[in-house]
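This report concerns only the one structure given below.
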């Protein structure tokens, strides 16, 4: 016998679906507007969502090609967008790998080992993580200015220095991975130890394979944070060719000239690495956000 839903329930479903549609539209509208701006002629921030005439000049400039106009003028690419994109991907990728490695080993120590001051260290790490990075900009500049005199590849105006600065933000990831490790039964490692495995082998061959979902989550969050970060990168990087895309895109918007079309094309390009990482790690990301680990 078919079940008939009461009118009140149908009304709630209708309102829920309308609310979801409005929410999706609110999310998609800025993205569609940025794409529309990148396809318009000229550098204007206002206009219709669907351009009257599609122009690829902003995309050609963003990809490093010159644009020849009808009157014979040639506009060269104003900035090395693809170089900035490569710098961003390189810094974000190395940073994410380093954060996963450091966070995993630290989390293992906090989850499985006993040592004096463990609780104090955990709380201290979390408290320091609550302070915004902008409060440490002066100290970071002084630190890397001095470090560059002894270790040039992690000084000012180096990608190594930016990566080294980003590696300091692992406290929250340590807490996240530690919580996941604690949901995995320690008897699995004890069984491996009985079979002759060393603590390192038990960690590498037993615990890490079971923790791939949470490691994927940490990698993605670290990658996104590094590729979109501006204050620290803009402080440490000076040369235009060493900029990340997030820092370099500010060059399009100066008081003398606002290149909104070029800015929009570069903004869309900046979303490609994050989208690819999400697509490649989607399966592990869902498991890491929903699974609780292996019990028993």
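Every residue number used here counts from 1 along the chain in the order it is shown.
For all residues, glycine too, the Cβ spot is worked out from N, Cα and C.
Annotation comment: Swiss-Prot describes 85-281 as domain 'ABC transmembrane type-1', evidence class sequence analysis.
According to Swiss-Prot, the feature topological domain 'Cytoplasmic' maps to 1-12 (among others).
Summarising the annotation, Swiss-Prot assigns topological domain 'Periplasmic' to 36-88 (among others) and lists sequence analysis as the type of evidence.
Look at Swiss-Prot and you will find 112-123 (among others) tagged as topological domain 'Cytoplasmic', backed by sequence analysis. For the topological domain 'Cytoplasmic' (112-123), the predicted model reports an average pLDDT of 87.
For 144-152 (among others), the entry in Swiss-Prot reads topological domain 'Periplasmic'.
Residues or ranges marked as topological domain 'Cytoplasmic' by Swiss-Prot on the basis of sequence analysis: 176-204 (among others).
Per Swiss-Prot, topological domain 'Periplasmic' is recorded for 228-257 (among others), and the stated evidence type is sequence analysis. Counting same-chain residues at least six beyond the ends of the topological domain 'Periplasmic' (228-257), those with a Cβ under 8 angstroms from any Cβ of the stretch are 43, 78-81, 83-85, 87-88, 91, 133-134, 137, 140-141, 144, 156-159, 161-162, 165-166, 263, 266-267, 269-270.
What Swiss-Prot lists as topological domain 'Cytoplasmic' is 281-296 (among others).
With a threshold of 8 Å between CB atoms, the same-chain residues lying at least 6 positions outside the transmembrane segment (13-35) that come near it are 5, 49, 264, 267-268. Summarising the annotation, Swiss-Prot assigns transmembrane segment to 13-35 (among others) and lists sequence analysis as the type of evidence.
Annotation source Swiss-Prot lists transmembrane segment at 89-111 (among others). Tertiary neighbourhood of the transmembrane segment (89-111): same-chain residues 118, 121-122, 159, 162-163, 166-167, 169-170, 173-178, 180-182, 203, 207-208, 211, 215, 218-220, 222-224, 226-227, 233, 244, 273, selected by CB-CB distance under 8 Å and a gap of 6+ residues from either end.
Look at Swiss-Prot and you will find 124-143 (among others) tagged as transmembrane segment, backed by sequence analysis. Panel annotation: around the transmembrane segment (124-143), residues 156, 165, 169, 171-172, 174-175, 231-232, 235-236 of the same chain, lying at least six beyond its termini, place a Cβ under 8 Å from a Cβ of the stretch.
Summarising the annotation, Swiss-Prot assigns transmembrane segment to 153-175 (among others).
With a cut-off of 8 Å between Cβ atoms, the residues of this chain six or more beyond the transmembrane segment (205-227) that come close are 88-89, 91-93, 95-97, 99-100, 103-104, 108, 166, 169, 173, 176-177, 180-181, 184, 188-189, 192, 197, 244-246, 270, 273-274, 277-278, 281, 284-285, 287-289, 291, 293-294. Swiss-Prot lists 205-227 (among others) with the feature transmembrane segment.
Look at Swiss-Prot and you will find 258-280 (among others) tagged as transmembrane segment, backed by sequence analysis. Outside the transmembrane segment (258-280), and at least 6 residues removed from its termini, the chain residues within Cβ reach (under 8 Å) are 34-35, 37-38, 40, 42-45, 57-59, 61-62, 78-79, 81, 84-85, 88-89, 92, 219-220, 223-224, 227, 245-246, 248-249, 252.
Beyond the ends of the transmembrane segment (153-175), by six or more residues, the same chain brings 87, 90-91, 94-95, 98-100, 102-103, 106-107, 110, 122, 125-126, 128-129, 133, 140-141, 144-145, 147, 218, 221-222, 225-226, 229, 232-233, 236-239, 242, 244 to within a C-beta distance below 8 angstroms of the stretch. For the topological domain 'Periplasmic' (144-152), the list of distant contacts is 158, 161, 164-165, 236: same-chain residues at least six beyond its ends, Cβ to Cβ under 8 Å. Per DSSP, the secondary structure of the topological domain 'Cytoplasmic' (112-123) breaks down as 7 helix, 0 strand, 5 coil. Long-range Cβ contacts of the topological domain 'Cytoplasmic' (112-123) within its own chain (Cβ-Cβ under 8 Å, at least 6 residues beyond either end) map to 174-175, 178, 181, 186, 189. Per-class residue totals from DSSP over the topological domain 'Periplasmic' (228-257), listed helix then strand then coil: 18 helix, 3 strand, 9 coil.
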